[in-house]
Amino acid sequence: MTVDPVSLNLRRWISDNADRFQPPVGNRELWKDGSQFIFMVSRGPNSRNDFHISPSDEIFYQLTGDIQVDYRDEDGRFESVTVHEGDVFLMPAMVPHCPLRPAGTWGAVIQRVRTEQEPDCILWYCKSCGVRLNETWFGLADIEVQVKAAIDRFNGSEELRTCANCGSVHDVAGPFVMPQGAAAIGGRRNGACGHGA
């Protein structure tokens, strides 16, 4: 498929579409057809306590304000990083991560379109005992619709939010607020993230 080159002013596009960004994710794609990339803009506040596993690297470019990205490292530890305004941040493929965006923040996220053999996953870890509480795997066709649907389904069911291992009920995330001092710290903050068990 041949596609004509596309150019747009990102700041103007954000201004023209600002009212279309809705929680819990607050994301919009710039164009949906013809590109090998998913290029989306995300607005804070978002309301998330899920983790995303993507088969593609994700490149975050933080346009306005600072955000926190929680992730689970290869040793199973929960970590956090602050992505400051103007920073570019790479989240490697297959690392469970949760971008947390406070009010007034804007960021761009770039990732590769998936093949049919590359499912995405939205999952939750029990905050009490750390086991995988619930997970949804799906072929990603529309990132705006499918991620929100997975989160809404989980949030709407106390059964899905109840840990089979320890019986704790996972909370429904409210709008994210950056912890005091987080923007000044940056980098890794082991154990300081909101997802630690």
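Please read every residue number as a count from 1 along the shown chain.
A Cβ is built for glycine as well, from the same backbone N, Cα and C atoms used for every other residue.
Copied over from TrEMBL:
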BINDING   Arg48  O2 binding site
BINDING   His52, Glu58, His97  Fe cation 1 binding site
BINDING   Glu58, Arg101  substrate binding site
BINDING   Cys126, Cys129, Cys163, Cys166  Fe cation 2 binding site
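The binding-site residues in question are His52, Arg101, and the one with the fewest Cβ neighbours inside 10 Å is His52. Long-range Cβ proximity for Cys166 (Fe cation 2 binding site), meaning a same-chain Cβ under 8 A and a gap of 6 or more residues, is found for Cys126, Ser128, Cys129, Val131.
Using CA atoms as reference points, the binding-site residues Arg48, His52, Glu58, Cys163 were checked against Arg101 (substrate binding site), and the closest is Arg48. Neighbour density at the Cβ, taken as the number of other Cβ atoms within 10 Å, is lowest among the binding-site residues Cys126, Cys129, Cys163 for Cys129.
The Fe cation 1 site, placed at the center of the C-beta atoms of His52, Glu58, His97, has further neighbours from the same chain whose C-beta lies within 8 angstroms: Phe51, Ile53, Ser54, Val69, Tyr71, Met91, Val95, Pro96, Cys98, Pro99.
Under the DSSP three-state reduction, His97 (Fe cation 1 binding site) is assigned to strand.
Arg48 (O2 binding site) counts 23 other C-beta atoms within 10 Å of its own C-beta, drawing on all protein chains shown. For the recorded site, Cys163 (Fe cation 2 binding site), the DSSP three-state label reads coil. Rounded to a whole value, the Cα-Cα separation of the residue listed as 'O2 binding site' and Glu58 (Fe cation 1 binding site) is 18 Å. Distance between Cα atoms for His52 (Fe cation 1 binding site) and Cys163 (Fe cation 2 binding site): 19 Å, as a whole number. Separating the Cα atoms of His97 (Fe cation 1 binding site) and Cys163 (Fe cation 2 binding site) is a whole-number distance of 20 Å. With respect to their backbone Cα atoms, Cys163 (Fe cation 2 binding site) and Glu58 (Fe cation 1 binding site) stand 29 Å from each other.
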